[in-house]
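Colleague: Features from TrEMBL:
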type	residues	note
ACT_SITE	B:R231	active site, involved in ionization of N3 of dUMP, leading to its activation
BINDING	B:T89, B:R112, B:H113, B:R114, B:E120, B:D220, B:L221, B:H222, B:H226	FAD binding site
BINDING	B:Q109, B:W110, B:I111, B:R112, B:E120, B:Y121, B:S122, B:A123, B:R124, B:R204, B:R231	dUMP binding site
Protein chains: 4
Amino acid sequence: MTLSPEQQAEIDAARAETRPTLRPVSEGIEALLYSAIPVLDHGFVRVVDYMGDDAAIVQAARVSYGAGTRKARDDRGLIRYLMRHWHSTPFEMCEIKLHVKLPIFVARQWIRHRTANVNEYSARYSILDREFYIPQPEQLAAQSRSNRQGRGSVLQGEEAETVLRLLREDSTRGYDNYQWMLNEGPDGAPADEGRAGLARELARMNLTSNVYTQWYWKIDLHNLFHFLRLRADPHAQYEIRVYADAMCEIAKAWVPAAYEAFEEYRLGAVQFSSSAMSCLRRMLAGETVTQENSGMSAGEWREFQAALAG
Amino acid sequence: MTLSPEQQAEIDAARAETRPTLRPVSEGIEALLYSAIPVLDHGFVRVVDYMGDDAAIVQAARVSYGAGTRKARDDRGLIRYLMRHWHSTPFEMCEIKLHVKLPIFVARQWIRHRTANVNEYSARYSILDREFYIPQPEQLAAQSRSNRQGRGSVLQGEEAETVLRLLREDSTRGYDNYQWMLNEGPDGAPADEGRAGLARELARMNLTSNVYTQWYWKIDLHNLFHFLRLRADPHAQYEIRVYADAMCEIAKAWVPAAYEAFEEYRLGAVQFSSSAMSCLRRMLAGETVTQENSGMSAGEWREFQAALAG
Amino acid sequence: MTLSPEQQAEIDAARAETRPTLRPVSEGIEALLYSAIPVLDHGFVRVVDYMGDDAAIVQAARVSYGAGTRKARDDRGLIRYLMRHWHSTPFEMCEIKLHVKLPIFVARQWIRHRTANVNEYSARYSILDREFYIPQPEQLAAQSRSNRQGRGSVLQGEEAETVLRLLREDSTRGYDNYQWMLNEGPDGAPADEGRAGLARELARMNLTSNVYTQWYWKIDLHNLFHFLRLRADPHAQYEIRVYADAMCEIAKAWVPAAYEAFEEYRLGAVQFSSSAMSCLRRMLAGETVTQENSGMSAGEWREFQAALAG
Amino acid sequence: MTLSPEQQAEIDAARAETRPTLRPVSEGIEALLYSAIPVLDHGFVRVVDYMGDDAAIVQAARVSYGAGTRKARDDRGLIRYLMRHWHSTPFEMCEIKLHVKLPIFVARQWIRHRTANVNEYSARYSILDREFYIPQPEQLAAQSRSNRQGRGSVLQGEEAETVLRLLREDSTRGYDNYQWMLNEGPDGAPADEGRAGLARELARMNLTSNVYTQWYWKIDLHNLFHFLRLRADPHAQYEIRVYADAMCEIAKAWVPAAYEAFEEYRLGAVQFSSSAMSCLRRMLAGETVTQENSGMSAGEWREFQAALAG
């Protein structure tokens, strides 16, 4: 990860001084605030701000469900109940703002989640940094033969080396030519006086999709959990999953009770279809169920077996 | 306004103690935090939490537009530029959470704004308070004859008295019968042992639309401004406008530079149609323009004249 | 249900004539178009327009997942795969527009689903009809003692009669006084020349929450299914569930393959938590699991047993 | 533009046969349905489906505002009134679904509009076509010196030639190496038996940002107009503006009255700030106003003068 000395100085300054507030404070996330968690070779996730904590979820639920909830359960129990019964609005009462640095092809997948606020670094206005994602050799996976969105075994030997070399060369050349086309010197003056320099909004099209971009990304806790459920999943692409994993750590520090409930009722949960439930009931009654008499397709049966095996 | 002694004690306790935080703090809104601003006869607006300040808007804009913005403008100038040019995403980086008590018919209008998070007091689970909105005599307006959504002159004498009496009687009777149907004593036990008591989710249908409900409402600053532009407008119904006015005061304390820009470029701004612009250019060139030669309908011309008169 | 003769004539006229289109057509829903499905005593649901069909879901999925999907599966199989694996965007490619007449207290619950477009009849501009929901005697349920949002046994004898009488009287009186306050004759002129008449936006506050309102409601299929999963559920309030049931019938006629998948993987599906999965694996391995050694709370264990019993 | 013979055959087949429907039909857009409108060198916009027409806007407005609107205005007048007074919900009752082929860097800008449904061609599952955007020489603009997001004069001579050559070479090389890394033959078998082939989800990172992608994009008319106001604007980047222009033509054919109102009250409209209105009133009263005595910044004054000049 590359934080510029200037960025690091800003982080240190922001962390040096506390201010008094009347708002709820989550100690766990205060300890992380502003610091960059490294992800991939040049990326990071940083908490820039947050609103609310576990108690804010409980407070919102108690507005909705009234005084009765007060005695019925303690906070942790109520949060688990809310998560189990898909009560989403109390979780929407917490909000987090992150600064993320990530490759363009990851950003394109990420942005498909529409329920967040985004301020992305604009390559229409500014010049992107000279940083590209190059996978670690152990991440250089072949296309899976059985699963069209999955990865197979890791590339070896000369093929792996060539792939890495090509990725590096094409990114570098693309970036160098981007810079040449821009023709901007360090002080904004033309690097070469004899040329006009191509508009930034056009030159950027020469960049490869592993170039890093960055954004501020703000989302409520309910939608963050939805994002994490999809992207911290083993089926998610490795390059986005590592960001999701970093955000899981952040959520755990911020709202420990909600995160625990999320693990129990979402990340570690399994959904069975109507047919799967029939099979399950027959199995618990002692019957031997096979795919043939299950009423499920081969694919569903395989997924069912995998879920039962854990 | 009626805050219960219990609620007031909670507010006092929350305001008694500050905690240290590394997050941005807005002094202006800290001074308001938790206190209830009275609205109408029993309603209020309270700030429960907030995220960000004027500097957060600037910070997000500078991520988007890069280092160049750093020198070009000071913070206030940049915020005005963003507002003027409809850059909405930096304003989305600030968030506020309010506790609002409001009559049901106001809540129904309010909830039409979908871009907010809401936790409403649930009359399925809990029992609503015995509080209804009764207008002040000077708000008892007749239907406007010229404007189908407007108010005309104020009702007088016996008509006014009768209206107030009917509103009071029907609300009270509706609530008393609601309570009778519920048949719940103060401790939750049946008030009358001989009756089962109607389900809360059914009994609530007997309440009139001026009964007060309450909710937690969380929204980002861009969408708050959009709400305020529509609801702090003189054409908005008085009973929602007073809530918008209270929130304008809150926004002003929270993000003074953004609020100033909002007043300049939204609240006090005027939009002219293509035809109106043609007329304006002719008028500035010294021509006398009338509705007949304006190309506008009578209604548009009237609105155009009103805008020019200010 | 009360459709005015004028509304019925409009429906008949709209159904009398077909027009040629190049768009996809779903035969099943064409047969329902415009006709009102009665719900409760005066409510209805009517399909006003729709976009797409089962094939549109498949087509969108094939844009996303490319030519490979073409051979791999037939349409029904692909739709089931998409539903099972939470691929929501292809279902968003279908859209439906409904005209719904419903009591205000149901509308308030309904509108909490924010991902739809709504045009509601405005009581600021217009006068509501003299129609209120009065439950059937068999729906007059007592508050459940065990479940704070549920209904218990049905009220009997004098208590039931009194409740029905009160609901009827309070609604009627509230509406009559609303009309008196408005003071509008059938032709818009004052009913009583000596009075000004209260503004509509104010008079409406005297109406009870069982008065009927109506709206146009437009939503995509993914979000419709989300709504139906929550509201066609046995735990949903009866008065909204009957609307959800009517919409299930509409969805079944419109997109039969998608609806079948929705029943299999959503309506009839069960989600087990991480702890429940552990218990299940132990049970399938022959172990006797009780609440005591399950790691679940009493509430969770009860829900787990209910799910296994089916 | 490149439509494959297979795609063209599909379009021809879809256009060959009409089906009867009871739904509203817009003749203007039926004439465009499925045909591809060419945009840039390989892109296009195609209407795939639509819901509603001008009459649907009127119908929804009349549900909201009641019978009174019936006499007051004809349809065109009502639509203009709605647009002028920012009544957005009736326009949300129309929906359109488009198939768009566009360069990745344009797609990244486009997707920032979150209020639409999207199914994008997935380079995780499938292989992108060998097509990249290369600007026409007259679009090869220099960076504007005065406006950080704008284009200046057109590049000339050797600089222009070199830029075009670099864009072509880097795109081509990037794509060729992408294909080499994938190692997939035309039948899906390895092109080179001795290599495993890199996973698609990884190989895509080598593509430059001018490679074409495609998606289905579905949006309601209100949000489409919002998109068009921002992107059919002269300040929008040329490469997205040409898509917006094509969609303006589509909207005009689909909902002619609404489009006319959009031109009058949005595209051709001007908004004046509170300060600008003060100046305007002084000017109309005969006063000479200069930037010095205007209360506006230099930038605002320039924009104000430009708006008045038209």
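Glycine is treated like the rest: Cβ placed from N, Cα and C.
Annotations in TrEMBL come from automatic prediction, not curation.
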Colleague: Measuring Cα to Cα, tell me the gap between B:T89 (FAD binding site) and B:S122 (dUMP binding site) in whole angstrom.
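Modeller: So the alpha carbons of B:T89 (FAD binding site) and B:S122 (dUMP binding site) sit roughly 33 Å from each other.
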Colleague: Counting other Cβ atoms within 10 Å of each residue's Cβ, which of the binding-site residues B:T89, B:Q109 comes out lowest?
Modeller: B:Q109
Colleague: Counting distance between Cα atoms, which of the recorded positions B:S122, B:R124, B:R231 is nearest B:H113 (FAD binding site)?
Modeller: B:R231
Colleague: Give me the CA-CA distance between B:H226 (FAD binding site) and B:R124 (dUMP binding site), in Å, as a whole number.
Modeller: 31
Colleague: Under 8 Å Cβ-Cβ to chain C, which of the recorded positions B:T89, B:H113, B:R124, B:R231?
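Modeller: Sorted by position along the sequence, the hits are B:R124.
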Colleague: Counting other Cβ atoms within 10 Å, pick out the least crowded of the binding-site residues B:I111, B:L221.
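Modeller: Each of the binding-site residues B:I111, B:L221 was scored by Cβ atoms within 10 Å; lowest is B:I111.
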Colleague: Can you tell me the three-state DSSP label for B:E120 (FAD binding site)?
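Modeller: In the DSSP reduction, B:E120 (FAD binding site) maps to strand.
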Colleague: Just name the winner among B:H113, B:R124, B:H226, B:R231 (the recorded positions) by count of other CB atoms within 10 A of its CB.
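Modeller: The largest 10 Å Cβ neighbour count belongs to B:R231.
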Colleague: Taking just the CA atoms, what is the gap between B:R124 (dUMP binding site) and B:R231 (active site, involved in ionization of N3 of dUMP, leading to its activation) in Å?
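Modeller: Rounded to the nearest whole number, the Cα-Cα distance is 29 Å.
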Colleague: Of the binding-site residues B:Q109, B:I111, B:E120, B:S122, B:L221, which one sits closest to the residue listed as 'active site, involved in ionization of N3 of dUMP, leading to its activation' when you measure Cα to Cα?
Modeller: B:Q109
Colleague: Quick one: of B:T89, B:Q109, B:H113, B:E120, B:S122, B:L221, which binding-site residues have a CB closer than 8 A to some CB in chain A?
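Modeller: Qualifying residues, whose Cβ lies under 8 Å from chain A: B:T89, B:E120, B:S122.
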Colleague: Need the DSSP three-state call for B:H226 (FAD binding site) to compare against my parser.
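Modeller: Helix, per DSSP.
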Colleague: Considering all pairs of residues in B:T89, B:R112, B:H113, B:R114, B:E120, B:D220, B:L221, B:H222, B:H226, annotated in the record as contacting FAD, what is the maximal C-alpha distance expressed in whole angstrom?
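Modeller: Spelled out: the longest distance between any two Cα atoms in B:T89, B:R112, B:H113, B:R114, B:E120, B:D220, B:L221, B:H222, B:H226 is 27 Å.
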Colleague: Quick check for the class: what is the C-alpha distance, in angstrom and rounded, between B:Q109 (dUMP binding site) and B:L221 (FAD binding site)?
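Modeller: B:Q109 (dUMP binding site) to B:L221 (FAD binding site), Cα-Cα distance: 20 Å.
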Colleague: Using a Cβ-Cβ cut-off under 8 angstroms and a sequence gap of six or more, which residues of the chain neighbour B:E120 (FAD binding site)?
Modeller: B:A107, B:T213, B:Q214, B:W215
Colleague: Could you round the CA separation between B:L221 (FAD binding site) and B:S122 (dUMP binding site) to a whole angstrom and send it over?
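Modeller: For B:L221 (FAD binding site) versus B:S122 (dUMP binding site), the Cα atoms are 27 Å apart.
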